[in-house]
Amino acid sequence: MANWIEQLGDRNPQFLRECRGRLKPRSVMAAVGLSLIFQFLLYISTAEIGTAIRVSDQLNICRTLTFVIPYGLFVLGGYYLVDDLAKEEKSGTLNFIRLSPRPAFEILLGKLLGVPLLPVILIVIATPLHIISGLLGGVSPQWFLSYYLLVAAGSAFVFSLALLFGIVGSRSALGKQQALSAVGFAGLALIVIAPAFMTWNSFVTWRAFGAASPLFDEFNAAAPIEWLYLPVAANSLVAHLFTIGNLVIATLLVWRILLRKFRVPQATLVSKRLSYIGVFYVNVLAWGFSQSGALSAEMSLAGAVFLLVLNAFVFLGLIFALAPSRQMLLDWLRYRQHTLFDWIWNDSSPSVLAMAINVIIAAGLIVPWLLISDWPISDRGSTNLLSPVPILLATLSIVTNVLIYTTLVQIIFSMRLRSPLIWAVGIVATFAFVPLTIIAILTNGSSDRSGLMIAVWTFLGLPFWQASELGNVSIGISIGWLMQFVVLLLLLTRLARNLKQLASHKQTVSTP
Amino acid sequence: MTEAAVIATDQLTKQFDDYVAVDRVNLEVRPGEVYGLIGPNGAGKTTLIRLLAMASSPTVGDIYIDGQPLLRNQPNADIKRRIGYLPDDFPLYDDLSVQDYLEYFGQLYYLKPAQLNVRVTEVLALVSLENKRHSVISALSRGMKQRLSLARTVIHQPRLLLLDEPVSGLDPIARIEYCETIKLLQKQGMTILISSHILSDLEDFCTTIGIMEQGRLVESTRLQSLYRREGQQLLIAVLDNNAASLEIYLQEHPLVSGYERLEKSRSGQAGKLSVTFTGTEAEAADLLRILVTEGIRVSEFHYTQETLEDIFVRLGYRRTS
């Protein structure tokens, strides 16, 4: 036993440290006890006492546990990880680990495996009941194999995300309240991640199992999903490869960010290089789902709208994730080269050009698709090609709009402020949503389709607007875009002035 | 920069916004040296040590450990294994026992299972915590925690030890014990760079002293050289009509680096002088003999050795002014 522990410590001391810190007899007993009490309550609430348990009851127990296991793991495991990282960052112990010669990957893997040990014990104790009740209820053994494989892959992704949340969150102005950031992540896991995981797998990955899946009754009615006309849900092997493949890619992307932030905490959240890869990956993945023979024209249009909304969120995140801090800008301006190559790849350079490249990557995929596809836009219900002029003008407007917010955030980050991130989030949120809401209220939603109103909507960030006449759309978007362009020019002038001022600040050593 | 230096820096600079915390520092610490870094608060000592420990990265400039350059944003694992760093705060894992804590750090620094137990015993003996081996860290006193931090810092037998204010907050007895431990580490052959405000402690075991002011390393010299150059004072008083001859003689003497008039004689010449003397005690005796031979009538002659604190205060005042 002692020899085994020594070997474990030699291989991954971080994991052994977590085991020693967490696996105290009292904590383990509490986890086991809680799990057993929950199982007992579940059993007596499902089965009738005194009568033989029915097959449907067994299936119900299995079905409940099928939901409880990922929810419990993601929420509790995520909470433990964020809380632990935030605590270590706050107390300063994480710095000692950073300064050790062990690779960052090994340390973080030790954390990922060791910190959520108690939630894992809690769940593992429930697995015999899950499997036995499922088998007695008619669930196939292969489904269990798939289920636990996916739960493991999903946990790897969620726990990696939690590590990232813990490291990044604890250093931000908002994350100083360690309990708050842990609860925040647990909430995200509960409301978004776990439901998305269960819904996707029930619809797609386990669809081919048919009645051998305990969730088949709840999800069998939906049309099988396709990706690039590939029926990913129809074949079990393809569905698993697709799901696990994407979970692996997403986990790898998170790890790239994680390792970078662990090694250099002051670095921007995402490197410029990774942002280009990430935007391309997200767009191809999301766009692929709209390339389906099973989708009607209306659903394809909804897919296009979804893609635009998804990109809006991606870019909103990237605006903050790519912007270097004032200190990074200062160092870059004082001591580094300022070539075009530097603007595209160097993470310390202002993010404006990198954001433009990211928008062009997304637009390069979406715009040709919008132009060559048939869309249900005529009043008679038939489908037509979209007119290229408004589409191109709208694209130009979206690019300009993203650059406006990027420049605005970069200006705020270049200023000497106590909490630049909070200022930036507040100002962007105010400019992005308040005027739109006011105009929507004043104009009673979409009732006014004049060129002037289209110009106003475009200026405020919504260039897609149906008008009674095609001419109105083009003129409206053009005017709106011109106004945006003027604002962008003013902001870029201001940013250039700020950068010039920063560069002229005291420099102690001549540029190498 | 010499190949043999354990630490060498070249134009090392760390700038926070407009504030230059470390300003073009060229530091060299040779093997086996105990280098004391002194300076007023905000002089840049902690920032310099953090840069050397890789806890922070320089704005510009280079660091070499054992002649090997530290690479920016790289793991530098090989160099990290050679460094032990103790910051001025010492966060610990309160939930672990002393033994588990030391084993954890030993393993982080690739100590093999066979070495680990031996090293834990050795470092616990070094910091006199053998009887606390199985205690939980949260139950230790502040002084014990500080000693445990030192044990953690040396568990992997680093070649270079970076200690930032290691004795701050300790009571006098604990401080003396702590300093004894540092002397033991010095005897084991470790190169030590230590910053402290308690100059009498540094005087006790440092071989070299660096003085920092406003981010600059304004002085970096062997302690004995510093004493010789700045730390020996002669107090000479002469009779009235001899004052002018004494001043002329001192101005030309090779071992006199300066003098200050303390009292004026009736004729307006120096009656009593405080002389900065760079020679030995024997050379001071020679000086007295020569003065007398030259016919200068000396009424008082004192040879005194200044402490590091006196020198620091005097030098600091001189440079700032």
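Here the Cβ of each residue, glycine as well, is placed from N, Cα and C on the backbone.
In TrEMBL this protein carries:
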type	residues	note
TRANSMEM	A:27-44	transmembrane segment
TRANSMEM	A:64-82	transmembrane segment
TRANSMEM	A:103-125	transmembrane segment
TRANSMEM	A:145-167	transmembrane segment
TRANSMEM	A:179-200	transmembrane segment
TRANSMEM	A:237-258	transmembrane segment
TRANSMEM	A:270-289	transmembrane segment
TRANSMEM	A:301-323	transmembrane segment
TRANSMEM	A:344-371	transmembrane segment
TRANSMEM	A:391-413	transmembrane segment
TRANSMEM	A:420-443	transmembrane segment
TRANSMEM	A:473-492	transmembrane segment
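Contact between the transmembrane segment (A:27-44) and the transmembrane segment (A:237-258) is not supported, since fewer than 3 Cβ pairs fall under 8 Å when only residues 6 or more apart in sequence are counted.
Residues 67, 70-71, 74-76, 78-80, 82-83, 86, 150, 154, 158, 161-162, 165-166, 169-170, 215, 219, 243 of the same chain, all 6+ positions outside the transmembrane segment (A:179-200), place their C-beta atoms under 8 angstroms from a C-beta of that stretch. Simply put, out of A:145-167, A:344-371, A:473-492, A:145-167 has the most Cβ pairs sitting under 8 Å from the transmembrane segment (A:103-125). When the stretches A:145-167, A:270-289, A:301-323, A:473-492 are ranked by Cβ pairs under 8 Å to the transmembrane segment (A:391-413), first place goes to A:473-492. Pairs of Cβ atoms less than 8 Å apart link the transmembrane segment (A:301-323) most often to A:344-371, out of A:145-167, A:237-258, A:344-371. Same-chain residues lying 6+ beyond the ends of the transmembrane segment (A:270-289) with a Cβ under 8 Å from its Cβ atoms: 225-228, 246, 249, 253, 256-257, 260, 303, 306-307, 310-311, 314, 318, 321-322, 344-347, 351, 354, 357-358, 361-362, 365-366, 369.
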